[in-house]
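Chemist: First the structure, then my questions, so here it is.
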Amino acid sequence: MKKLFLVFMLLVVTALVGCNKSENTSSSGSEKDKGNHVVNIGYSGPLSGAAALYGKRTLNGVEMAINEINDGGGFEVNGKKYTLNLVALDDKYLPNETGANAKRLIQEHKTPIIFSPHSGGIMALQVFNEQDNFIIGAYTSEPAVTDSGNALTVRFPPNYEGYIEPFITYEMERFGKKIAALPTASQYGKDWTEALLPAWEKKGGEVVYNSSIDFAKETDFFTIVTNALKEKPDVLFIGGASEPTAKVAKQARELGFKGGFIIMDQAKLDQMMPITGSYEALEGSIGVLPLIDSDQEAIPAFAEKYKKLYKEDASSEVGLNYLGMYAFVESMKAAKSVDDVKAIREHMEDGVKNLGNEQKIYAINSIDEDGGFDITIVTGAVEDGKVVPIH
Amino acid sequence: MEILLQQLFNSLTIGSVYSLVALGLTLVYGILHIPNFAHGALYMMGGYITLTMMTAFGFNYWVAMFVSILVVGLIGVLLERFVFRLLREAPPLHDKIAAIGILLFLEAFAQFVWGADFQTMTSPYGQVVTIMGLTFTMQRLLIIVSAIVVMILLYLFLKKTFTGASIIAMSQSREGASLVGININKVAMLTFMISGGLAAIAASLASPINLVFPGMGHLVILKAFVIIILGGMGSIPGAIVGGYILGFSESLGATYISNDYKDIIAFVLLVIILTVKPTGLFAKGER
């Protein structure tokens with residue numbers, strides 16, 4: 001009797017699950033919600049683990065844009081009102097998880113756009129995004145992401161190759177020709193190093209030390225920094241997540257290093273400063289211009305809004321993803337569709353052009369053929385304890 | 001020569017931290033007979049509690065560290081009482097699963113309470129001291145000295161007190177200890193408490209030279225595993241010596257062989273030691 005009951009229950013449960021499934025699949029790309037149409041926007045990035053903070057910041061940018069758009073009553077495409085719904089999944093910085101998340105996002109939520117903030121994950125998505133019809137909102141400065149010719153990838157940050165020339169020129173003139181490289185041990189760190197060092201040598205410089213630091217494994221950086229400084233470099237090339245990178249800079253100063261730092265674009269001067277205590281320790285550093293120090297007109301209002309909502313200073317992770325989300329919405333309007341991803345991608349150019357003035361927190365000119373935003377690169381250097389834009 | 005001395009100093013610093021973490025791990029091994037995977041999470045909790053005591057309550061560095069030792073020690077006791085004691089009769093696999101569960105729980109807990117961001121612990125000992133071209137920071141000297149003091153105290157406690165002797169007795173044989181009238185529940189809880197306290201000390205000492213974040217336990221725990229295998233599972237001198245061996249091999253290997261291969265050097269060393277002495281340097285006969 002008991003067994004029979006169990007079997008019966010099992011049948012009921014299966015039936016229920018089945019119903020649920022068929023209900024889900026009946027909804028189309030844009031779900032109807034109280035007379036309003038909803039477009040789901042996907043996100044897959046690190047929300048736990050060592051890179052969680054970075055992931056959270058990129059997500060904040062997308063979320064802030066979506067909330068603003070929804071609070072303004074949504075947007076109109078082809079005479080229909082749409083609002084946005086953000087579906088964020090954690091991929092722990094692992095490309096395979098990004099892939100699995102994306103499959104889930106498109107199957108369960110039919111997201112036309114998926115944001116991802118790391119090159120490994122983005123490359124995993126590029127394997128199937130053209131077949132599965134979704135656009136990747138790529139937050140990475142890795143040039144390989146757009147060089148691969150993927151037709152449905154939009155890259156927000158400027159390609160890091162643009163930084164190399166101004167960084168080298170500045171540091172060589174100010175400090176000298178000997179460089180020691182201590183980049184982060186990620187693929188991105190390796191690619192950056194491979195782009196920077198040959199360019200440094202080409203300009204008549206000398207590479208005296210080159211070894212990477214694994215921030216997920218090292219408790220103390222004194223050993224490696226001691227070894228790098230033994231070669232008496234004028235400039236140190238460092239990078240990775242802002243906070244550990246700042247620790248490397250600080251320990252280099254403790255060990256008596258007087259030269260300058262070239263800081264990979266992943267680390268941000270404004271996030272490094274709280275760790276070193278002041279900009280004094282970072283004197284002579286060149287890196288990405290902190291968003292809040294930018295002289296773009298829309299910045300003060302944006303920075304204030306963000307600080308009020310998230311209780312921290314806005315950074316480029318936030319800014320570019322925010323801008324990206326708005327650009328996508330404008331492209332949907334221009335494409336007159338919320339789910340025809342090819343049309344949306346084709347109208348990206350209009351999307352970028354139609355951005356409102358208060359969204360233009362970066363000087364964005366257009367979108368390149370390969371899907372990268374064409375943003376004028378402005379770097380920032382620390383001079384006399386202050387960050388100054390270097391145009 | 002200067003470089004060699006500087007690197008010897010660097011390896012003493014890092015070796016001290018490794019040894020303290022490995023000591024806690026090896027003590028608990030005597031009770032659980034499995035490596036406590038959650039030990040790295042206890043280390044992380046220690047860092048956060050010291051930091052919170054300093055920032056939120058304005059405690060002095062040493063007072064904060066003391067509170068942290070008590071709190072993490074208490075977490076250790078709770079783990080023993082409510083997780084591992086209940087699994088005492090279960091197959092060893094269950095202990096392992098429970099330890100991993102605790103690790104995941106504590107990490108998620110820390111991220112929930114303190115957030116995912118990297119935080120800095122500012123110790124009052126940030127001064128840089130340069131003697132004959134060598135750079136010391138006060139904090140690093142403090143790490144080395146404190147670690148040695150803690151090790152001596154632990155040694156005296158284990159060898160000279162009755163309670164300490166009962167911990168050793170229990171790690172040698174639980175049944176035997178029980179037969180001679182040792183309260184094994186009490187001893188197990190005490191051991192977990194000391195282990196947690198050691199993790200808190202190590203984290204509080206090391207945090208000012210690195211950062212406090214939910215994943216900080218991973219930096220040391222894998223190395224602590226290597227150390228206790230190298231030194232002999234459950235062996236106290238093994239954990240101390242192993243910690244310094246690893247510290248030295250990393251620093252000197254990075255300097256004189258190659259920075260990119262320094263982990264390989266440590267593992268080659270492990271292979272050599274285990275080939276010569278398969279039970280580890282200081283292993284006890286019966287295990």
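We number each residue from 1, going along the chain as drawn.
Cβ coordinates are placed from backbone N, Cα and C, and glycine is handled just like the others.
Unlike curated records, TrEMBL annotations are generated automatically.
So TrEMBL lists these for the protein:
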TRANSMEM  B:12-32  transmembrane segment
TRANSMEM  B:65-84  transmembrane segment
TRANSMEM  B:96-116  transmembrane segment
TRANSMEM  B:136-158  transmembrane segment
TRANSMEM  B:179-205  transmembrane segment
TRANSMEM  B:211-231  transmembrane segment
TRANSMEM  B:238-258  transmembrane segment
TRANSMEM  B:264-283  transmembrane segment
Chemist: Let me spell it out: take the transmembrane segment (B:211-231), skip the flanking residues so only those 6+ beyond its ends count, and list any with a Cβ under 8 Å from a Cβ in it.
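Modeler: For the transmembrane segment (B:211-231), the list is 17-19, 21-22, 25-26, 29, 35, 37, 39-44, 47-48, 51, 103, 107, 110-111, 114, 116-121, 202-203, 237-243, 245-246, 266-267, 269-270, 273-274, 280-282.
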Chemist: Could you check if the transmembrane segment (B:238-258) is in contact with the transmembrane segment (B:96-116), meaning 3+ Cβ pairs under 8 Å among residue pairs at least 6 apart in sequence?
Modeler: no
Chemist: Apart from its near flanks, which chain residues at least 6 from the ends of the transmembrane segment (B:96-116) lie with a Cβ under 8 angstroms of it?
Modeler: 32, 34-38, 40-42, 44-45, 48, 52, 79, 83-84, 87, 213-215, 217
Chemist: Apart from its near flanks, which chain residues at least 6 from the ends of the transmembrane segment (B:136-158) lie with a Cβ under 8 angstroms of it?
Modeler: 9, 12-13, 16-17, 19-20, 23, 123, 125-130, 164-165, 167-168, 194, 198, 201, 205-206, 208-209, 236, 240
Chemist: May I ask for the residues of the chain that lie six or more residues beyond the transmembrane segment (B:179-205) and have a Cβ under 8 Å from a Cβ within it?
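Modeler: For the transmembrane segment (B:179-205), the sequence-distant neighbours (Cβ-Cβ under 8 Å, at least 6 residues beyond its ends) are 16-17, 20-21, 23-25, 27-28, 30-31, 36, 39, 42-47, 49-50, 61, 64-65, 68-77, 79-81, 84-85, 121, 139, 142-143, 146-147, 150, 154, 163, 166-167, 169-170, 216, 220.
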